[in-house]
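Database features, via TrEMBL:
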DOMAIN    11-89  domain 'Inhibitor I9'
DOMAIN    115-557  domain 'Peptidase S8/S53'
ACT_SITE  124  active site, charge relay system
ACT_SITE  199  active site, charge relay system
ACT_SITE  521  active site, charge relay system
DOMAIN    637-732  domain 'Subtilisin-like protease fibronectin type-III'
C-alpha cells in the first residue's frame, strides 16, 4: 500500500460575499460552521482559522491544504478561495513649501483647526509610540464616532502608549505567521503594534504628527517637524513584518479600519509589475480599498519606486488616490575642495568635522577591463585605505548602501560618487558620501590624472532653502501610463517624497528618533494629511470629490519660481501627466476648487464592466447579485478629472459631469489647450449654475490630425469663472493598428 503524502498548509482567503446583517458574532460563527463542515470539527476550525472578515465584507482567512481549499470552494455560499500574497513596503520643510505654514493665520491648516476632527488610519509597519511626534498636547477629546482601540502586545501597553493623538494601534500577524509555517520570531520585530522597522513611524508622523520643535539630523534641516494635519488622530494598523506583509493581514486591517470609522487610509505598500486586474483577488488592496471607499473612506496609496521607467505605476484602481514623489525647495550643498584650491559642489548629508586635505584615489581600468563602477567596490579593495574614493555609477545612487559599508570597512575615508540624478542622499554617519553630476566628476578626475599626489578636502553639508532649488518629479517615482487600464490616468498627483525628515524608530542612524527617507512611501502620507484637512472642512465630500479637488487645483509650475516642474530621469524634461498626474498637490487651492468631478461607487462598478472583466468576479467584488447592465458604458466616460485616450483613430465623443461646490450662482467658460496634432471640441463651452442647477454635463469630441501612430501628446481642459481654474489633463496617443507591430 502506497504511503500517503501529506499536503502542505497554506494561508487561503475564503470570500463569502455581501454581509447580510450587522451581528458580527453571528457572522464569525457562520464562518466557523462553513470551515468545520470541511475540517470535521469546530476544534479543527478554530485551529485553522486566522481571521474572520465581518465589517466591510464577509469572509475569512484560514490555513488549508490545496484539497481542503478546493472542497471549501465547492460549497454553497462560497464566492472564491485564493492563496494569500506577500506585499512589500515602498517634515521640517515640506509643509511650508506646500503653503501650509503654521505661522500663517489664513491657510487651510488653520481653517480646519489643524485637522482635529479627522482620523487617519495608517496601514504599515507600526508605530514608535514614545516619539514626540505622537504627543497629544493641545488636543481635545477623541471623536465620539471612533470605535477602535489600542491592542496590548510585546513592549506595548495601551494605557501608557496611546493617548488623544494615537487613538488606535492594532497588529495583524496571523496571516504572516501562517504563511511562514512557524512561530513568529520576535528577535527582529515586536509582536505588537510597536515599530522596529521605522517606516510606519515615518509615514504616520508625516501624515498627522504633532508639532516637535528643534528637530534636525546633524544640524541639517533644522526646524519644527510636524504632519500635514498636526491635530488629526492616528490609528495604526501594523501588517508589515520584517519588510513583508500578507494579503490576509492587509485585508483584515481594511476590515477593521472600516469598523473603526477612520476617515482616511494611508498605504505606502504594494505588489510589483505586472499588475493584477482590480477584480483579481491576488491583489486584495483593490478589494479592501473598494469597500473602504464604498464606506466613504478616502484611500491614499503610493505609486511605487520603479521610475523613471514608463508604465511602472502601482495601485492603479480609479477609486484610490495614487501619489508620485516630488522634491522640495531644499538641498544640501557640500563643498569639495581640490588640492589646487579649486572648489566644486556636490550634494550630501555630511555633518561633523571636515576631512582636511587627504589623498584622492580613482581606480583606472586596464586595457581589457570593463569600466569599473561604484557597485564593484568590495571590502577587498584595500587600495582605498586612508583616501577619498572617486567612482562612477549608472544607477541613481539608491542601491549603493552596501558599497558605502564596503569602502568604510576597507579603510576608506569618504566617497565622491558620480550619479544621475544626484539628489537621493544617504544619512550615513560613518563617512562623507557626496553625490556629484558626471561633468563635475569628470573635472575631479581630470585633476586626479594631472597630479602626482592629488588631494581633496570634503567640508560639511549646509542646508539651502529657496527658489534656486527647483521642483522635480523624483527619478525613482513610478511613471505612467497605466499598464492595466491605459485610459485611467495614473499617478493622480505628486507630493514631496525626496529627503523627507520625519519621526523614526530610535535605531542606529536615527538615534534621536528622526531620519531622512525618500520614496513614494513618503509622498502618500503628505496627501493623506492634506485629505484629513479637506475632510475636516468638507465632511460631506466623497472620496472622488476630494480626489478631484486635489487634481484640478494642482501646481504644474514651481510654487516659488514659477518655472515648469521638471521630471528627473536619464534626460531631465518638463513633467507631464504620466510623471505627476494633475501636478504637485496644492492644499490651499484644493479647499475651494469651484467644481468637482464626482463619482459614486456604482460608477466604479460600471468601469469594471466596461473593462470586460468576468461579471461573476465583478459581482464578488461589489457584493451585488448583478452588477453589469446590457448597455456597457465606455471606460472613457468614467467621470474622472482627466481624459486619457490611448488609441485614438476615429473621432471619439466622451462625457463629463461637474458639480458646483463654489458660489451658488456662477458661470464657467471652457479654455482648451489641445495636445499637438489633436482637435478638442467641448459642447457646451459655457456652464451656468444656480440654486436649481448644481450639476452640468458636457461632451468632449477628440479627433486626430496625425496620420501615423504617435507617442502620447498632452494638453488640458480648464473651466474658469474668473476666480477658480478647474483644470484637467488631456493625454492622447494616435494609433493606426495596421502600422503597429
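Glycine is treated like the rest: Cβ placed from N, Cα and C.
Mean pLDDT for the domain 'Inhibitor I9' (11-89) in the predicted structure: 85.
Over all protein chains present, the Cβ of residue 521 (active site, charge relay system) has 29 other Cβ atoms lying within 10 Å.
On the backbone, the CA of residue 521 (active site, charge relay system) and the CA of residue 199 (active site, charge relay system) stand 8 Å apart. Between residue 199 (active site, charge relay system) and residue 124 (active site, charge relay system), the C-alpha separation comes to 7 Å.
Of all the active-site residues listed here (124, 199), the one with the fewest other CB atoms within 10 A of its own CB is 199. Secondary structure by DSSP for the domain 'Inhibitor I9' (11-89): 31 helix, 27 strand, 21 coil. According to DSSP, the domain 'Subtilisin-like protease fibronectin type-III' (637-732) comprises 1 helix, 60 strand, 35 coil.
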